[in-house]
Amino acid sequence: MDHTGNPPSNPFDALPKHQAPSAYHPAFQRHHPTLTPSDLQAEEEAIEGAIEVDGESPSPYANHDNDPEKAITEQSHTAHEPIARIVTAQDWSGPNDPDDPHNWTLLKRSMHIFPIAFLSFAVTAGSSMITPATPEIARHFDVSRTASILSLSLFVLGLGLGPTIAAPLSEKFGRSAVYKTSGPLFMLFILGAGLTKSFGGLLVCRLLAGMSGGPVLAVGAGTNADLFPAETRAVSSTFYVMAPFLGPALGPVIGGFAAQFKGYKWTQWCTIFIALASYAFILPMHETYKKIILTRRAKKLGVLPPPASQVRGLQYIKMLLTITVARPLMMLFSEPIVGFLSLYTAFTFSVLFAFFAAFPYTFERVYGFNTWQYGLTFLGIGLGVFIATATAVAIDRTVYMRKHRQLLKEGGRMVAPEHRLYAAMRPREFSADDVSRLFWFAWSARSDVHWISPILAGIPFAWGNLCIFVSAATYLIDVYGPMNGASAMAANGLARYTMGAVFPLFTFQMYAALGIGWATSLLGFVSLAMLPIPFVFFRYGPSIRAKSRFSVTKG
């Protein structure tokens, strides 16, 4: 506090001059919201390196007499003249720095979120758009129906592998470069999948297409953090997350018409058309990643660039692999919060992908639907995604933010992470209702029951699916902080995409052996067993966090 009782404009002014602002310090994280979790380690090491050289803390907004490029220099010739600020390349020149994406207009920021959401939709729609064509693929290449499903499974597996590529690329070249490079690669591999003459070629191209499209799903969250401060980020995050969940739901709708009237290759051409339309919005995008913006500023002004990580070469690659692979695997099996929430979200995600095999099996055999007709059955899931988005935003605005404002009035700083779980719990009866809809689908998919009944059952399933994921993602970040939270989300993604790739491969056999009723009921029983997970963490989360070696919130 200053002599007026107000908090200092720069939170690091409250630190002793000899104390470095750690990347894990709350004040550092508030003034560096643009840093993605995978970048905080490099930032921490850069600060430590600067301390070793200069012998003092490189405070972001402090004046340095020996090197004016490292900070703001304030000049005023008269008492009535405003203070002039020399632009720095070491950090933002202040809270109103026009290059800071947080200071862009809402329209400009929205025009940087919409393109990546649209591209994410194109990528995930491409995963499921091929599913209505799997019977034709099986006949065309003379393979089994299960083998034809590999065109879906390998694509989903590629989506899980893509983030390991995105991390080093976005760190080195920025967000915009990743989008503008991965988009054309994705379309080229989809083109290859449509032109190939062999089944092996189709599978390889689909795998590589998934890996090329995966980076946009991983880097998009970082762009959202670049553009919106933490207190307003939940709404933009929810709308962004809606796009990759909406893609798999609407993909079969488009693919059903394409496969029915044009053949399986047109499922790939339609994917390219959507990707091209989204890529047109990607091209005008500016860079949003703080490190790259400041580096370009330094080059333009001929001043020192921002501190860079001292880690290079193999050591740097080792650090990235630790963050994206080794630590996520460790947290997946050693952290109960990460393990159980990842299991829960992975299972609900996998049931969604199992429906890509279960819906055609059900609606073709029971109701005699053709390809485009059963593609339309996924509209119920799409509607559920929209309802989930509205639910998550409403809960954030009316419940979470109300608690946040109340805590600030009482002098607190951060709402307990468990309050992020409201969307997953909603009222308990609605959470249980989501599970009951699986049983509804299971036992209403009969010839003596109208076909609209099992379609409507998909609405609450998708509603619960997305609400669970939004709650889990925000909870994990709040519990583990930006750095470890990135590893927690990587563990979640690894579980989701691995299980999502595997489930469709045994769905046909499971439905053929158990029948529609008991096969879907089996999924319902497993979902029922997982239903208490968010409620358990809401009640016992603080004590579990207190014992965690990775949590940044111990109480």
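Note that the numbers count up from 1, one per residue, in the order the chain is shown.
Glycine residues also receive a Cβ, built from the backbone N, Cα and C atoms like all the rest.
No curator has checked TrEMBL annotations; they are predicted automatically.
Copied over from TrEMBL:
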- 112-544: domain 'Major facilitator superfamily (MFS) profile' (DOMAIN)
- 1-40: region 'Disordered' (REGION)
- 113-134: transmembrane segment (TRANSMEM)
- 146-166: transmembrane segment (TRANSMEM)
- 186-209: transmembrane segment (TRANSMEM)
- 239-260: transmembrane segment (TRANSMEM)
- 266-286: transmembrane segment (TRANSMEM)
- 337-359: transmembrane segment (TRANSMEM)
- 371-395: transmembrane segment (TRANSMEM)
- 455-477: transmembrane segment (TRANSMEM)
- 511-538: transmembrane segment (TRANSMEM)
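Beyond the ends of the transmembrane segment (186-209), by six or more residues, the same chain brings 123, 126, 130, 137, 141, 143, 147, 150-151, 154-155, 157-158, 265, 268-269, 271-272, 275-276, 279 to within a C-beta distance below 8 angstroms of the stretch.
Mean pLDDT for the domain 'Major facilitator superfamily (MFS) profile' (112-544) in this predicted model: 88. Outside the transmembrane segment (337-359), and at least 6 residues removed from its termini, the chain residues within Cβ reach (under 8 Å) are 128, 131, 149, 152, 156, 248, 252, 331, 374, 377-378, 381, 438, 458, 461-462, 464-465, 468-469, 472, 475-476, 479-480, 488, 491-492, 494-496, 498-504, 507-508, 511, 516, 519-520, 523, 526-527, 530, 533-534, 537, 541, 544-545, 548, 551.
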